[in-house]
Amino acid sequence: MSCVVKCLFPGGDVCVSGHDSGPVFEEQPSGLIYPEGLSEGKVTLSCQARASPAASYRWLVNGSDVALGLDLRYTLVAGSLVISSPESVRDTGSYQCLAINRCGTIISRAANLKFGYLHDFPPDSRSPQTAYEGMGSFVACQPPPHYPALSYRWLINEFPNFIKKDDGRWFVSQVTGNLYVARAEPNDTGSYFCFTTINMDISTKSTFSKANQLTVLPDANPRKSAPNIKVRFPAETYALAGHTTPLECFAYGNPVPKLRWRKVDGLMPSKAGASAEGPTLVLPELSFDDEGVYECEAYNSEGSDTYQGRISVQAQPEWLQVMSDSEVEISSELTQVTHDRVEVNGARLKISNLALEDSGMYQCVAENKHGTIYSTAELRVQVQAPDFRSNPVRKLIPAARGGQVMIECRPRAAPKPSLFWSRGTELLTNSSRVTVTSDGILWIHNISRADEGKYTCFAENYLGKANSTGHVSVRDATKITLAPSNADINQGENVTLQCHASHDPTMDLTFTWALNGVLLDVEDSGGPYHRVEGKENIGDLLIVNTQLSQAGVYTCMAQTVVDSASASAKLVVRGPPGPPGGLLVKNVAETSVELRWSRGYDNHSPIGKYIIMGRSSLSSQWKKMRTDPVNIEGNAESARVMGLIPWMDYEFQIIASNILGSGEPSVPSQTIRTQQAAPTVAPSGLAGGGGDRNELIVTWTPMAREYQNGDSFGYILAFRRKDATLWTVARVPHVESSRYVYYNESLTPYSPFEVKIKAYNRRGEGPFSQIAVVHSAEEEPTVGPSNINATALTAFDVQVSWEPVQQLSANGILRGYEIRYWRQHEREAAADRVRTAGLETTARVSGLRPSTRYHVAVLAYNSAGTGPPSPRTTVTTRKPPPNRPPGNVSWRTDGSLVIMRWDHVKAMHNESAVLGYKVLYKHEGQNSLKVLDKGKSSVSLPLPKDNGYVVLEIRSWGDGGDGPAHEIIVSRDSGETLKKHAPELCVKLILSYLVGYSGL
């Protein structure tokens, strides 16, 4: 950043010292964007300054005066400029406010007034586009002329059907507005509209394009493809500190690629958050630490693609030091931070031999291409005869016998006055006991009682004279009578440091303690330092639970208002060692590294041993590492760490210990990566099978990071027919891959293959896994079941049975059977289906319509699909049961029984005959069922022994199934009791319904 510094000099009428003050901005204008064509509105550029007397205002536009009073469109409201009916041609520009009074003039920062616009899209139709299923494609937005930048969204077919941002297949670039799809699908065919929005300070405007017709041509076998990055952020991005910077990256591929970001030359800023796993990396509040190279990686099971670009951070000027108001005496020199007396050197302004006319307002302006900042200060040049009224010599000056005293003489005066001292009528000059400094300070050394008396300071300049007098009073000196003693303790112990003193009895005595020169807080009851309560002349210090950091020199100071005395003692705290330093990693090998370090503080107890802790990029937890030597002695400064994983990132730390315990760990080492090595283990989970005809599918579990041992990682798959001798070998070059499909038209269905797999990387190949047997894709069964039989069970259910298909291992494993059924007037293509979970030869089909004729067929199935259907059969469901519950249900209790009666249910011609009745008995969650023949119209049931209740349900049954139920609640108590407990019974009744009964 380069800065240009401008200094604005004062001017105006006489500024009254002590009464007037120069302008200081309280509000400055800010830039804004006004909608072009909005002619009835107003623009207000704010400006307000604090000043005495009140400021007047002027405005500049592009460096020239605004025609206030001449152009009626311009109005000044207080200090703010109001522009009526603003027009782009006349009013676009950079505006500054000037605040003026007799103490000086200041100028505001520049505020840019710009005009925003968004034109409509051209009315021309757009050419249709074609894409292919499984391939990537894009639709161009081609936005119309606009200012400022737009935001983009896309509509599909109609408003407001917007493309969702969280759909990973789609991406809308906020740089170009283009719409990208990673992998097209047939249902993506449609009309696409680019929807643009512009945001200005007082309004928002949107418009959308003509339709872009996209047709996706289907592909029966879409080809898989590795990612190909199509949307790339700039190779060099210049960004402004404090602002938000987005980087865009999007790739075509099948499967749809995932995206992840990393910072190549450092850690990814945590502020990126979830955006580091998406198409747009967002870095808010950009700082210089965020500079560097960023990489976008797109990856899927077929491979990966990467792209890198650099972010360079720039900034507008920022003040490290601002000017401050100054009051300076006449004829002196001022440097704030070139004709004869004025010198400007970069950011430094120097005025020599100050005169009254130099008073006023000064501004320093720093600017670069990113912005301009102002610092403002007022200079007051003073002229005054000596005056002690605001700062007289102290009236009473206590001093300690044998000590020294300083008496200041600081009158207000400009120019600087001559100063001298007298005691009584004696003029004081420098001697062995008396010193008068050039700036008027009087020192008296080795004070005795004879020095008591009045002392007067005289001040004189060419404008006048003045004097001020004080009285020196001599007191007894303060002395330490019992000094603290050196102490040696272990960490965690308590210790008391003693300190007693004598002093002049006419004054108060206070004690303070300092550790290595830093004052201690002994008033904090929760802290480690406590003042021992006692006489006024005792200031003992108690330190509780002493820590290593509290070792050092303790100084006790006893003081009065006139003097002080101090004494010190050394406290040694023994404890566990401090952290070792200078940890370096050397000689990095595949599975080991060498560590070197320097000894830390032993904290007054010899170091006994070291342990090495480490962690890899797989875990944030530190753990003890295996080392050579196994036990690291306390005098060692190097060791080797063993048993590491090749091609893995590690960091290490060292912990020293002694007889008092283990110390704090060292600062972690720099992160290192062990050397690469060939894989040492084979992939696991080897299996496969399934797929389409003529395919052999092999699957495995992708190797975890800790087993890869190097880059350029992939898999080598070997397979052969079980009866063959030669192996076919295939390389799968992607670590995320977990599946391989071998296609050969000569493959017979369900053929057994021996397969094995191993991993490889840049350094070599690992061992093969154990051999697994995997079958090629099955073929659908070639025969169907026979002897199909369908029997109506009720109006709603039928039972289907069949003769099983013989298990033929030549083309697959039979998984079960599929029953297809459809009504007589329907087509077979509309059939409903039920599948068995195994090789059962019967199945119940439910949910049918009463009195309806159905066609039924059975098919065998395996993982490849269903075989040919059996010969169809037909079945007619039974008539439905009566849709009425038994009528005139009544009950009465008889001792321990309840007797329930009902009227018979009579079936209509289209209903199945009643064969009997079912009575369901419910009590305390227990259910029991009584089935009665059709001649019965009453039943006796037991009552509970307690005062509980039972729920009774009665319904008819017959060939068509069960009819609806009539329900009653029965208790030993009278009906009044039932009313009393009705709410409770209702709740329990509802619960009984929820429990349900499936046996009716």
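For all residues, glycine too, the Cβ spot is worked out from N, Cα and C.
Keep in mind that TrEMBL annotations are predicted by a computer and have not been checked by a curator.
Listed features, source TrEMBL:
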| type | residues | note |
| --- | --- | --- |
| DOMAIN | 23-114 | domain 'Ig-like' |
| DOMAIN | 122-209 | domain 'Ig-like' |
| DOMAIN | 227-312 | domain 'Ig-like' |
| DOMAIN | 319-380 | domain 'Ig-like' |
| DOMAIN | 386-475 | domain 'Ig-like' |
| DOMAIN | 478-572 | domain 'Ig-like' |
| DOMAIN | 579-677 | domain 'Fibronectin type-III' |
| DOMAIN | 682-779 | domain 'Fibronectin type-III' |
| DOMAIN | 784-880 | domain 'Fibronectin type-III' |
| REGION | 862-890 | region 'Disordered' |
| remark: the domain 'Ig-like' (478-572) resolves under DSSP into 3 helix, 46 strand, 46 coil
| Which listed range (122-209, 319-380, 579-677, 682-779) shows the maximal number of Cβ pairs under 8 Å with respect to the domain 'Ig-like' (227-312)? | 122-209
| remark: Across the domain 'Fibronectin type-III' (579-677), DSSP labelling yields 0 helix, 46 strand, 53 coil
| Roughly where does the domain 'Ig-like' (23-114) sit in mean pLDDT, to the nearest integer? | 92
| request: May I ask which of the stretches 23-114, 319-380, 478-572 has the most CB pairs under 8 A with the domain 'Ig-like' (122-209)? | output: 23-114
| note | What DSSP reports for the domain 'Fibronectin type-III' (682-779) is 3 helix, 41 strand, 54 coil
